[in-house]
Amino acid sequence: MAAAAPIFRSSFLSSQPLSPTPSTAPRPTSYSPLSMRATATSPDPPAAAAAKTRRPSNENIRDEARRHTSSHNFSAKYVPFNADPSSTESYTLDEIVYRSRSGGLLDVQHDMDALKKFDGEYWRSLFDSRVGKTTWPYGSGVWSKKEWVLPEIDGDDIVSAFEGNSNLFWAERFGKQFLGMKDLWVKHCGISHTGSFKDLGMTVLVSQVNRLRKMNRPVVGVGCASTGDTSAALSAYCASAGIPSIVFLPANRISMAQLVQPIANGAFVLSIDTDFDGCMQLIREVTAELPIYLANSLNSLRLEGQKTAAIEILQQFDWQVPDWVIVPGGNLGNIYAFYKGFQMCKELGLVDKIPRLVCAQAANANPLYLHYKSGWKDFKAVKAGTTFASAIQIGDPVSIDRAVYALKKSNGIVEEATEEELMDSMAQADSTGMFICPHTGVALTALFKLRNSGIIGPNDRTVVVSTAHGLKFTQSKVDYHSKEIKDMACRFANPPTQVKADFGSVMDVLKKYLLSKDSKLH
């Protein structure tokens, strides 16, 4: 039976303070893992410590956090993405800016010299010490890495649903039965507050907007173009903070489950007769004229949250690096976010290498795949066709440059999946106990192809990133198992059997079923 890997190691379940050490100095002090304050302690932690005292009944977890003030010299800023080392262009994170002076993408650059004053063991111990706790804001899988995300934001400004810490699922039966693999894992990022990985980035962006509004910056609301999941995450986090959210959705192109989420969370929803790329163009024009903060992945803040999923994977493997990580790709920010998370861990000494990355696209919306197959020659946007993987139905991805950079740096690969391939892969995975989205079906199809070609070996530790919960895409599953999809064989469909309401008919059907199962076992 498939099992979930715990995100924490038992050695960090005690309540005793840890005392990891700076990498460049003797050990006169240690640092409290929850507050980063220097404390006068011995070099090694005590053998045992008293249980944490329960906070006063008139305090909430934010109040409690205020008593543990943070003191550090970590910082971050916006810089042009992949800029020449001689570039001096930069912006504070409190500035409202989405592109560089040349019109290129921006990136969040951390003060790596400050972070490197602490060695890899320090960071591993610090991050591990925070998992599974309710201490604000570190109970979040994102904010447990706060120093690497938004180091200067105050805890009072953070808007969090304790997102992240998602299940890393050992796909034992699926790997063995369909792929001949022993070490296949699925990172279920869709087991999250709004049902997709977008929560990881949106907690960061909305927290920063919350900070900006308190600073009286000109931000009335937050807006996004969406294929479904972005709008769900944005509307939920804005609702939590009492911030107006505005959503541009392509009419009749997303699932009802995705549409109802921003509506239920009180967003102002515009259903527009265009595709995602058309919505994206409109929201960019609107945010240039109105005091609406742009929440799409053009905004690099979201990638700071999304990169924590990569760090979390390493954490769940006890800081061992998998061989491959496969990520579905649409607007292409996520593949770069995973690269950035892995690369930061390598640069700061938590691990000694990074995995090879694979970006998987739907064949009906595959500009990155075509670019890769051309040998990275001139990129050409495409007109995205309809796909069951609707969240990646994007023909002109904003983060194309980020994705190409990440794939080149990680010796990565791009694969594609036809509609029949992705739906068959989804059905096969579901038949082994999962309940995945079509986008994960795209990633699994890429895995099938790379296994069949021998590029991924039977013993390679491989992680497939599942980006959304299957419950958001039930209609596609209903259509598949009803064999109602035009020009699709639906080879793994499992429709219900119609039976008369009498004992004899039921017994006949069950005997036939059990005999078929018994013959397969023998």
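The backbone N, Cα and C atoms fix where each Cβ goes, glycine too.
The following features are taken from TrEMBL:
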{"type": "COMPBIAS", "residues": "26-51", "note": "compositional bias 'Low complexity'"}
{"type": "COMPBIAS", "residues": "56-67", "note": "compositional bias 'Basic and acidic residues'"}
{"type": "DOMAIN", "residues": "160-467", "note": "domain 'Tryptophan synthase beta chain-like PALP'"}
{"type": "MOD_RES", "residues": "K198", "note": "N6-(pyridoxal phosphate)lysine"}
{"type": "REGION", "residues": "1-70", "note": "region 'Disordered'"}
Helix, strand and coil counts within the compositional bias 'Basic and acidic residues' (56-67) (DSSP): 6 helix, 0 strand, 6 coil
Cβ neighbours of K198 (N6-(pyridoxal phosphate)lysine) where a neighbour is any other Cβ within 10 Å: 35
Mean of the pLDDT scores, which run from 0 to 100, over the domain 'Tryptophan synthase beta chain-like PALP' (160-467): 96
